[in-house]
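Colleague: One structure is given below, represented as structure tokens, and several questions about it will come after.
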């Protein structure tokens, strides 16, 4: 039996994971951490968990990582809005622990990332724009997924990622991200490749949180026999 701790248990993703855990054999929720708990509770929670899934806030990450290192608890990190210091923390901890980080745990979004990486090889002279749409209550903008997609496309192309152009025209050597927040939209990401004659658009839309929850649980199971390293969902789905 795999004991899975859950950080951010009262949020949308935490609830979705708890609701779907019974669909996976030999898995159970061993601990639930939320904003009502003390950070010190993470010590005991990590002690009794084989792996911790984190969908909380960036402020909790350092404490969670420290207790995970203390108890050799594997980590699946889905919290977005992380800063460079957080990624450095994960990279260092991954020398000791198997850790999987992804801004989006669904197979669809990761397939979109792969398709975009392949498309830019052919459409390398096209303008690239990303549209990121989420519900009105999402805090980070642009989304972690939008940044992941932009970084995938920009990798090796020497392209700047732009969130706000202000009053200037578009430059050729950039990828623009536009964010919309409103209603109860779960998640929509569109990547458009544009030239003077045509527009090619790749799109992923999540209709609910189930695909993210399924991906997170699969990641927790997948990590069990893996050596220490920092992994992504593309390692699970084998789409590079």
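Cβ coordinates come from backbone N, Cα and C, glycine included.
Small disclaimer: the values here were computed from a predicted structure and weren't measured.
So Swiss-Prot lists the following for this protein:
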- 8, 9, 10, 11, 12, 13, 78, 79, 80, 102, 103, 104, 105: NAD(+) binding site (BINDING)
- 134: active site, proton donor/acceptor (ACT_SITE)
- 135, 144, 145: (S)-2,3,4,5-tetrahydrodipicolinate binding site (BINDING)
- 138: active site, proton donor (ACT_SITE)
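Would you situate these features in the structure and describe their surroundings?
Modeller: In the three-state DSSP scheme, residue 78 (NAD(+) binding site) is classed as coil. Sequence-distant neighbours of residue 78 (NAD(+) binding site) (same chain, six or more apart, CB under 8 Å from its CB) are 13, 53, 54, 55, 101, 102, 103, 105, 212, 216, listed in sequence order.
Residues within less than 8 Å, Cβ to Cβ, of residue 134 (active site, proton donor/acceptor) and separated from it by at least 6 positions along the same chain comprise 143, 179, 180, 181, 185, 186, 187, 188. Annotation note: residue 134 (active site, proton donor/acceptor) sits in a strand segment as assigned by DSSP.
Neighbour count (other Cβ atoms within 10 Å of the Cβ, all protein chains): 18 for residue 144 ((S)-2,3,4,5-tetrahydrodipicolinate binding site). Taken residue by residue with DSSP, residue 144 ((S)-2,3,4,5-tetrahydrodipicolinate binding site) is part of a helix.
Sequence-distant contacts of residue 138 (active site, proton donor), defined by Cβ-Cβ distance under 8 angstroms and a gap of at least six in the same chain, are 181.
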Colleague: Report the member of 10, 80, 145 (the binding-site residues) whose C-beta atom has the most other C-beta atoms within 10 angstroms.
Modeller: 145
Colleague: Same chain only, sequence gap of 6 or more: which residues have a CB within under 8 Å of the CB of residue 135 ((S)-2,3,4,5-tetrahydrodipicolinate binding site)?
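Modeller: Residues satisfying the criterion: 181, 182, 183, 184, 185, 186.
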Colleague: Of 103, 105, which of the binding-site residues has the most Cβ neighbours inside 10 Å?
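Modeller: Highest number of other Cβ atoms within 10 Å: 105.
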